[in-house]
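K.L.:
One structure is given below, represented as structure tokens, and several questions about it will come after.
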């Protein structure tokens, strides 16, 4: 049995003074020796925390004693250690950012909830568009079979992508999904205000679908990206597959790294061998960038040799 747990949760509810709440909540979390990342806004709370089983259970009881969060659902993962290095509770304008001119309140408008078994039926329906509401790098390491991959790098780009592809989605049944459900609460509501009529969402997100005793994560390919030190977690308990592809050679891969150029920091899938071969950098420009954190540890001679090994030249050698 694991000694630690990771809790994923959110709740759209009114918080009158997010800044004061954040300070008090941070103090409470630290007292319970939790680590994690929590966003607080006037519209609610969105968090992931890790801690010992005893500490996380205490936290869930603590939240249940607050009427605003008494019915909040926690997605619970067993873990061998903390999933975060520190504890942060930050006040924000939104708990998920769509950055709309007119914000959407999921308590007033949101898509129809589909439970995991209903969502599985939708996955098998050829007349339904399954729309991934996550970022491109989240999709690339794992997604539902047949889902549409929006070409976006952050959530606030999604409405623009929808408008650009409106003709392909018009008059279609749309079912959207995300990690734990919070993004879809707001996004599905926006879809309805934007004129799409038949809009549904996976209730509780991928995390809930993967733990459901009937679906057991079936029809999910790859792993689910998570925003903590675990990076990705398994979902499909029936017939797991690998869909991630190494950025450099296209071979199956589920290992994410960040480009060593801090001005880039792009997340790419790469094996240990290719990380070393390509100097943990996504491009030649990033490899030769003076701020590159990987190449700073190399001597000039070794840097030149490593570049030549992949048929590249250092700037100093260019005439």
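Keep in mind that glycine also has a Cβ here, set from the backbone N, Cα and C atoms.
What Swiss-Prot records for 178 is active site, cysteine persulfide intermediate. The feature domain 'Rhodanese' is assigned by Swiss-Prot to 124-218, with sequence analysis given as support.
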K.L.:
Mind tallying the domain 'Rhodanese' (124-218) by DSSP state, helix then strand then coil?
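P.N.:
Computed counts for the domain 'Rhodanese' (124-218) are 39 helix, 18 strand, 38 coil.
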K.L.:
Below 8 Å Cβ to Cβ and six or more residues apart, same chain only. Which residues does that give for the residue listed as 'active site, cysteine persulfide intermediate'?
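P.N.:
132, 133, 134, 184, 187, 202, 205, 206 - these are the non-local Cβ neighbours of the residue listed as 'active site, cysteine persulfide intermediate', listed in sequence order.
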